[in-house]
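Visitor: The structure that follows is given in the form of structure tokens.
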Amino acid sequence: MIPPLNRYVPALSKNELVKTVTNRDIQFTSFNGKDYPLCFLDEKTPLLFQWFERNPARFGKNDIPIINTEKNPYLNNIIKAATIEKERLIGIFVDGDFFPGQKDAFSKLEYDYENIKVIYRNDIDFSMYDKKLSEIYMENISKQESMPEEKRDCHLLQLLKKELSDIQEGNDSLIKSYLLDKGHGWFDFYRNMAMLKAGQLFLEADKVGCYDLSTNSGCIYLDADMIITEKLGGIYIPDGIAVHVERIDGRASMENGIIAVDRNNHPALLAGLEIMHTKFDADPYSDGVCNGIRKHFNYSLNEDYNSFCDFIEFKHDNIIMNTSQFTQSSWARHVQ
């Protein structure tokens, strides 16, 4: 018997670019005439939150360094998720120059809620996703220099050469460059890295209670302003990936506030990483996620973007989405 689709059901567009069909024991969805399997995330697929803190000193030295105010109860949202989803592992992916007492507070949080696992960025090996900055700049310089002089962007060429010469010894690394950012890029880049690891992230962190996960298990990332109201249950996602979609004035936009994958090294995120390895000015959000997904599904600008967003959207009735937009604190940016 084919299980019913969960609350995630790709919507039908007016021009029928998107449709859902079933075939024997496999369910399919399609975009623009091509079928993709609906991959199943079971009720034990781990959830992952993230908190990268620029300034741990703004918190008490013995407090959990995650914002938890009346307007922005991010820590409470995570704890609520752990309480509702007791059968799931709940990861909190963290980075920052934390005080010893703050790390102790994280450990106490893990003790109080056995399914919460605090995963420190510097405990995870992301080197397999790295590339030398010098190689990225040299490849782009060579591309410019190979063009006929009349088509060459001389200003860009000089800029690339300057950026190449400014790389400091020991910092010739794409991954390290985002450790110096401490802004959106820091958050977004390492979120992508974590979701490339997916369930393997929990195994690599060597946390008690994580050993039942397979090295290829999936993961669901949620921003800390996403509020879980009831258990999520099993979820189907197209070709093993789905993301949050914002809609403003009828215009849809893919967002990285939710990223769900059914396995590690998902091809769409690897496609985004390839762009990060190729473009000298790549953005981890618009290129690493959005353009990687577009590339994976062969989306072109000739196709209906809103329909594509319907197709790739992570939908669920038991999540109140992006609540920080109501408190002027959302990190959301809109790209098409």
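Numbers here mean position along the shown chain, with the first residue as 1.
Positions of Cβ are set from backbone N, Cα and C atoms, glycine also.
I grabbed these lines from Swiss-Prot:
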type     : residues                                   : note
CARBOHYD : R24                                        : N-beta-linked (GlcNAc) arginine
BINDING  : Q50, W51, F52, Y74, A224, D225, S324, S329 : UDP-N-acetyl-alpha-D-glucosamine binding site
CARBOHYD : R152                                       : N-beta-linked (GlcNAc) arginine
BINDING  : D225, N322, S324                           : Mn(2+) binding site
ACT_SITE : E255                                       : active site, proton acceptor
CARBOHYD : R333                                       : N-beta-linked (GlcNAc) arginine
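Could you give the neighbours, burial and distances for every feature on this list?
Guide: Counting every protein chain shown, the number of other Cβ atoms lying within 10 Å of the Cβ of Y74 (UDP-N-acetyl-alpha-D-glucosamine binding site) is 20.
Every protein chain shown contributes to the tally, and the Cβ of R152 (N-beta-linked (GlcNAc) arginine) ends up with 14 other Cβ atoms within 10 Å.
According to DSSP, D225 (UDP-N-acetyl-alpha-D-glucosamine binding site) sits in a coil region rather than a helix or strand.
DSSP classifies E255 (active site, proton acceptor) as strand under the three-state reduction. A simple way to gauge crowding: the CB of E255 (active site, proton acceptor) has 26 other CB atoms within 10 angstroms, across all the protein chains here.
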Visitor: Work through the recorded positions one by one (R152, E255, N322) and name whichever has its CA nearest to the CA of Y74 (UDP-N-acetyl-alpha-D-glucosamine binding site).
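Guide: For Y74 (UDP-N-acetyl-alpha-D-glucosamine binding site), the spatially nearest of the recorded positions is N322.
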Visitor: If you measure R152 (N-beta-linked (GlcNAc) arginine) to E255 (active site, proton acceptor) at Cα, how many Å is it?
Guide: 34
Visitor: Are there any residues in the same chain, six or more apart in sequence, whose C-beta is under 8 angstroms from the C-beta of F52 (UDP-N-acetyl-alpha-D-glucosamine binding site), and if so which?
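Guide: Within the chain, F52 (UDP-N-acetyl-alpha-D-glucosamine binding site) has Cβ neighbours under 8 Å at V94, D95, G96, R121, W186, F187, Y190.
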Visitor: Going along the chain, which residues six or more apart from Q50 (UDP-N-acetyl-alpha-D-glucosamine binding site) have their CB under 8 A from its CB?
Guide: I92, F93, V94, F187, Y190, R191, A194, Y221, D223, A224
Visitor: Helix, strand or coil at F52 (UDP-N-acetyl-alpha-D-glucosamine binding site), per DSSP?
Guide: strand
Visitor: Return the single residue from the binding-site residues list (A224, N322) that has the minimum number of other CB atoms within 10 Å.
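Guide: Lowest Cβ count within 10 Å among the binding-site residues (A224, N322) is N322.
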